[in-house]
Amino acid sequence: MRALWVLGLCCVLLTFGSVRADDEVDVDGTVEEDLGKSREGSRTDDEVVQREEEAIQLDGLNASQIRELREKSEKFAFQAEVNRMMKLIINSLYKNKEIFLRELISNASDALDKIRLISLTDENALSGNEELTVKIKCDKEKNLLHVTDTGVGMTREELVKNLGTIAKSGTSEFLNKMTEAQEDGQSTSELIGQFGVGFYSAFLVADKVIVTSKHNNDTQHIWESDSNEFSVIADPRGNTLGRGTTITLVLKEEASDYLELDTIKNLVKKYSQFINFPIYVWSSKTETVEEPMEEEEAAKEEKEESDDEAAVEEEEEEKKPKTKKVEKTVWDWELMNDIKPIWQRPSKEVEEDEYKAFYKSFSKESDDPMAYIHFTAEGEVTFKSILFVPTSAPRGLFDEYGSKKSDYIKLYVRRVFITDDFHDMMPKYLNFVKGVVDSDDLPLNVSRETLQQHKLLKVIRKKLVRKTLDMIKKIADDKYNDTFWKEFGTNIKLGVIEDHSNRTRLAKLLRFQSSHHPTDITSLDQYVERMKEKQDKIYFMAGSSRKEAESSPFVERLLKKGYEVIYLTEPVDEYCIQALPEFDGKRFQNVAKEGVKFDESEKTKESREAVEKEFEPLLNWMKDKALKDKIEKAVVSQRLTESPCALVASQYGWSGNMERIMKAQAYQTGKDISTNYYASQKKTFEINPRHPLIRDMLRRIKEDEDDKTVLDLAVVLFETATLRSGYLLPDTKAYGDRIERMLRLSLNIDPDAKVEEEPEEEPEETAEDTTEDTEQDEDEEMDVGTDEEEETAKESTAEKDEL
């Protein structure tokens with residue numbers, strides 16, 4: 001019995017010791033979740049203690065303090081307009097709740113600006129707290145989000161006035177704007193801050209909002225509201241802030257995402273990374289620290305070392321405490337807005353590497369920018385800006401061109417991000433430019449809808465465009481031609497078409513291929529410099545490719561005389577040139593249209609007139625008989641040297657290239673009356689009087705105007721000229737038949753000779769067919785044999801009858 005009692009006692013002692021050991025391990029190895037306590041075990045320096053106190057101050061009230069607050073607080077009703085306004089905010093912005101944090105940080109920044117301004121004239125203004133910061137802390141356990149600033153703070157009266165009522169005129173205007181925006185289906189996400197009501201966006205994510213504030217001229221007070229009513233009471237904790245304001249949000253269940261550190265950090269970086277004051281978030285990180293070993297572990301390690309070195313005798317040194325490396329989670333304030341707004345610094349003080357680093361951080365690009373410009377605009381509106389040209393065009397640059405919103409220009413007002421969701425900061429053709437615009441003259445948190453009608457926007461836009469074009473103009477020629485033009489050339493051409501006020505500046509940026517060089521592109525300035533002495537027009541030829549353009553009959557005489565011709569090979573090129581009335585006093589001439597004339601001497605003029613008179617019978621015959629319904633007129637050409645003829649559009653008609661483009665667009669967008677009208681316009685038929693075909697036609701029609709061969713030749717020449725001039729034939733079968741007839745005549749083949757009929761071949765017999773035929777033949781032979789036997793029998797019977 002005694003043995004059993006002793007055994008049981010031993011088991012109890014062992015179990016107690018085991019539990020005790022487990023408890024000790026748990027205490028050492030578990031990370032505490034209370035944000036108000038230190039996570040750094042053995043560290044007790046002043047810095048850690050200070051951080052602990054800061055964390056405790058940001059925590060919510062305890063149960064007894066909350067009870068006292070509820071019992072003794074003075075209750076207030078919101079103004080009727082405030083109630084209506086809060087409902088509008090909550091109902092209109094429920095899909096864009098995240099802006100609440102931007103509004104709270106913006107208000108905190110304003111409060112910090114105010115106390116800093118006061119401190120310039122009052123040396124004791126910062127005595128309560130020397131720091132000028134914004135701090136954010138998430139408390140998942142208590143479902144609280146704290147935003148604290150060390151700004152000017154609010155007195156009791158200011159809490160009631162600023163958070164419970166709004167100036168009536170401002171409220172009415174705000175409500176009208178909100179209602180209009182909702183009726184028009186526009187975004188209201190930025191409108192709330194325009195009238196100083198951004199604070200109420202906190203109710204988008206919070207069931208209850210608690211504001212703790214300390215002003216230098218009053219004691220610390222607490223304002224609390226559930227959006228139906230609010231209360232104000234002196235803080236039973238006393239002065240815990242020193243100076244400033246803490247906004248504590250009791251988050252709704254569906255807003256729990258805003259207690260995630262990553263979510264808060266991303267929102268701060270998105271909206272507030274360029275605020276003038278440092279913004280900190282209470283966050284954790286894992287660090288490796290050294291801790292003293294326990295006695296058992298140290299003794300075990302010493303034993304292992306003594307066993308390994310038993311053969312070596314050394315003098316005993318002073319024993320140092322044994323330590324081990326342990327990973328611990330450490331909580332501390334993490335700075336969020338570490339990227340300083342370099343556009344606020346003078347451009348001379350910013351290094352090139354800083355611009356490149358800022359661009360990569362700002363645009364999320366891995367390549368350096370092709371070009372950038374940093375400037376301050378002054379005058380009617382003052383703003384600072386940095387603009388960048390990326391190395392390559394963004395993907396889908398022309399997808400939904402004009403309707404897709406560009407998010408490459410970010411608007412800041414006093415370093416607070418407002419929006420990148422609008423059309424009007426940059427014109428459509430500059431939709432590849434990236435950058436920031438920061439203005440102190442615009443209203444803080446101006447909405448996108450209000451911004452679009454803001455008179456200062458047009459001024460900002462105008463200056464941005466001018467500065468962008470200056471930046472592009474300064475790109476080195478080799479980089480411009482090799483890189484920029486390949487990536488963004490189409491944008492510049494669209495700019496010439498769309499931007500009337502900057503058309504001359506944009507024209508200087510245009511580049512085209514030309515007959516001057518087989519591969520290099522040229523500017524219009526360079527073309528004008530190379531023009532002949534008496535040349536008064538800039539000649540261009542449009543085609544689907546360079547090869548098509550330079551082999552066109554329209555450029556034959558120009559190239560032979562040494563004139564340079566610009567080749568337009570992109571669909572937008574001809575539109576672009578048509579939008580330019582002139583360049584440097586020189587008008588543009590499409591060589592595929594009427595109007596191409598050369599400077600000629602009196603002798604040359606007399607010779608031309610003589611040729612025109614000589615070929616007048618042929619010209620009249622073509623216009624009145626052979627091509628009566630196909631051409632407007634027939635003339636002797638001044639532009640042809642090798643080709644027999646060409647089809648030329650009128651000055652206001654479509655060239656072959658333009659007609660092809662317009663018809664392709666018509667097929668995509670449906671029938672267009674104007675397309676059919678322009679396509680049906682008759683054109684001028686130009687002949688080359690020196691070509692042997694034309695000269696022989698003149699001889700033949702003088703002999704016989706009704707010669708069918710000559711009539712066919714005229715039509716074939718017209719249709720061939722149509723194709724060579726870039727137009728499409730309406731009836732390709734008829735054209736093919738005529739070509740065939742001309743070939744027959746050239747080979748002395750009767751035009752009416754028929755094609756030989758192909759002899760019909762009997763189908764080859766298969767094995768099955770052969771078997772069936774054999775069986776059929778055998779049956780026929782048997783039938784024949786039977787018939788013969790019957791006939792013989794009949795004959796013998798007849799003979800017997802006769803006998």
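Even glycines carry a Cβ here, placed using N, Cα and C.
Under the heading compositional bias 'Basic and acidic residues', Swiss-Prot lists 793-803. The feature N-linked glycosylation site is assigned by Swiss-Prot to Asn62, Asn107, Asn217, Asn445, Asn481, Asn502, with experimental evidence given as support. Summarising the annotation, Swiss-Prot assigns phosphoserine to Ser64, Ser172, Ser306, Ser403, Ser447. As annotated by Swiss-Prot, site 'Important for ATP hydrolysis' applies to Arg448, with the evidence given as similarity to another entry.
Taking every protein chain shown into account, Asn107, Asn217 are the glycosylation sites, and of these the Cβ with the most other Cβ atoms within 10 Å belongs to Asn107. Looking at Asn502 (N-linked glycosylation site) and Asn481 (N-linked glycosylation site), their Cα atoms lie 21 Å from each other. Taking a C-beta cut-off of under 8 Å and a sequence gap of six or more, Asn481 (N-linked glycosylation site) has these contacts in its own chain: Arg511, Asp520, Ile521. Calculated from their C-alpha atoms, the gap between Asn107 (N-linked glycosylation site) and Asn217 (N-linked glycosylation site) amounts to 20 Å. Here the Cβ of Asn502 (N-linked glycosylation site) has 18 other Cβ atoms within 10 Å, regardless of which shown protein chain they belong to. In the three-state DSSP scheme, Asn217 (N-linked glycosylation site) is classed as coil. Asn481 (N-linked glycosylation site) carries a helical DSSP state (H, G or I).
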